[in-house]
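Engineer: According to Swiss-Prot:
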type	residues	note
BINDING	Gly169, Asp170, Arg171, Gln172, Thr173, Gly174, Lys175, Thr176	ATP binding site
SITE	Ser370	site 'Required for activity'
Amino acid sequence: MDIRAAEISAILKDQIKNFGKEAEVSEVGQVLSVGDGIARVYGLDNVQAGEMVEFPGGIRGMALNLESDNVGVVIFGSDRDIKEGDTVKRTGAIVDVPVGPELLGRVVDALGNPIDGKGPINATRRSRVDVKAPGIIPRKSVHEPMSTGLKAIDALIPVGRGQRELVIGDRQTGKTAILLDAFLNQKAIHESGPEGEKLYCVYVAVGQKRSTVAQFVKVLEERGALKYSIIVAATASDPAPMQFLAPFAGCAMGEYFRDNGMHALIGYDDLSKQAVSYRQMSLLLRRPPGREAYPGDVFYLHSRLLERAAKMNDDKGAGSLTALPVIETQGNDVSAFIPTNVISITDGQIFLETDLFYQGIRPAVNVGLSVSRVGSSAQIKAMKQVAGSIKGELAQYREMAAFAQFGSDLDAATQRLLNRGARLTELLKQPQFSPLKTEEQVAVIFAGVNGYLDKLPVASVGKFEQGLLSYLRSEGSAILDAIRTEKAISDGTKGKLTAALDSFAKSFQ
């Protein structure tokens, strides 16, 4: 057998040359105590605030309390498999989630892991969940409408792209239904509209029943709206840290569209439950409680989240992220801690009332208490032309209706005002899952403010509206097209619309 020393030595030298000299260094700590989703860890001296750490078995956690002798870690998952003395590793990464168009049509948890059984998500980009909101210079004032398809909102409390509009009300008043209709209303733009106007939707479910989230996803899927939506779900059975993180994760996914010159709409449903889970974490981390036992920084929790919704200027791509946070009140009490906080952070609120809901006024929007601080700059000119008068008339109607309860002998002008107000209130009702295009809303409200409903019985208003819309879609499509393209009611269009209304009103019985 021929042994070649030179060859063997060459192989050995090659092996030695490639031998790794660096030992793998990872900073580790030990679990001192664990319980209620919180672990106290000794060691990890150089850990960053908000850094992801790893427990045995691949369970992740986030370092929130950095104290002199230990680190308070919240656990993203079950703490049953973690025990005292376990080794905890630093990952060196701040909590981040996958972002990008690959997530559209998917249901994910607060860490961006798919939970819909449709296989892995092949997203190439990741983004930190908690980033700084854009400053003042990169922003632009809100000036484009974000149409929800609901007459009561688009006419009276308009929402613009880049705005934060709070949806607030007691349980079972239709808060989620408003978000759902706003999502469904984007379908027409996605199917035929220009690329620059498409609005991608993100729905964050915090602390909801799984059946409720499944129902929401089912409706989106059945109506063809899931393909441009992302669902982030941290349900009631998920640990508090996941419920706390979900809105930030959803926001990071929405920011991808905002920062790439596209438009996104995000609904947080709801931030009351996020505040409750944050309170739970803070108390277990032994942070001092404040009002209603919430920690002192619960205002900052919501403000840093909602400030990330913005309209960017043209240099930054002119994208936008619109936020519709939801807050659940107890017994219509908007003066509680969390409702007042979020009202002061947002650019207006849509106030829903149980009484209106049970009277059959749905969406149950209290027009008197609801405001949009962006106002008519988020409306097209055509909507401003018809909505200006409806606001005034409804305000007068509410005032008069209060007095009319006491006196029976009313003069003709007051009676006329009450009649008109009752019909306009009826006109603003809208069944669920039937959002209207802006030009259709304009035509319907035009009929209302120009007296076409005054002679009808209140019960026939809905029937009149349905008939009018069918008539305009078939006979008067040119009028609707003109309103859509001109974005205003010109004198010519006004004449045609009046003629169409006259001919329809004659035939309507």
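Quick reminder: no glycine exception, Cβ is built from N, Cα and C everywhere.
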Engineer: Reported as an integer number of Å, what is the Cα distance between Ser370 (site 'Required for activity') and Gly169 (ATP binding site)?
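Structural biologist: With the alpha carbons as reference points, the distance is 11 Å.
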Engineer: Hey, for the ATP site built from Gly169, Asp170, Arg171, Gln172, Thr173, Gly174, Lys175, Thr176, who else sits with CB inside 8 A of the CB center?
Structural biologist: Glu328, Leu352, Thr354, Phe357, Ala364
Engineer: What count of other C-beta atoms do you get within 10 angstroms of the C-beta of Gly169 (ATP binding site), across all chains shown?
Structural biologist: 27
Engineer: Among all chains shown, work out which of the recorded positions Thr173, Thr176, Ser370 has the most CB atoms within 10 A of its CB.
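Structural biologist: That would be Thr173, with the most Cβ atoms nearby.
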Engineer: Please list, in sequence order, the residues in the chain of Arg171 (ATP binding site) that are at least six apart in sequence and whose C-beta is under 8 Å away from its C-beta.
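Structural biologist: Same-chain residues close to Arg171 (ATP binding site) (Cβ under 8 Å, separated by 6 or more) are Glu328.
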Engineer: What kind of secondary structure is Lys175 (ATP binding site) part of, going by DSSP in three states?
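Structural biologist: For Lys175 (ATP binding site) - judged by DSSP and reduced to three states - the answer is helix.
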Engineer: So, three-state DSSP: helix, strand or coil for Ser370 (site 'Required for activity')?
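Structural biologist: The three-state answer is coil.
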Engineer: Inside 10 Å of the Cβ of Asp170 (ATP binding site), count up the other Cβ atoms and send me the figure.
Structural biologist: 18
Engineer: Check Asp170 (ATP binding site) against DSSP and tell me helix, strand or coil, would you?
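Structural biologist: It is coil.
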Engineer: If you count Cβ atoms within 10 Å of the Cβ of Lys175 (ATP binding site), leaving out that atom itself, what do you get?
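Structural biologist: Here the count is 24.
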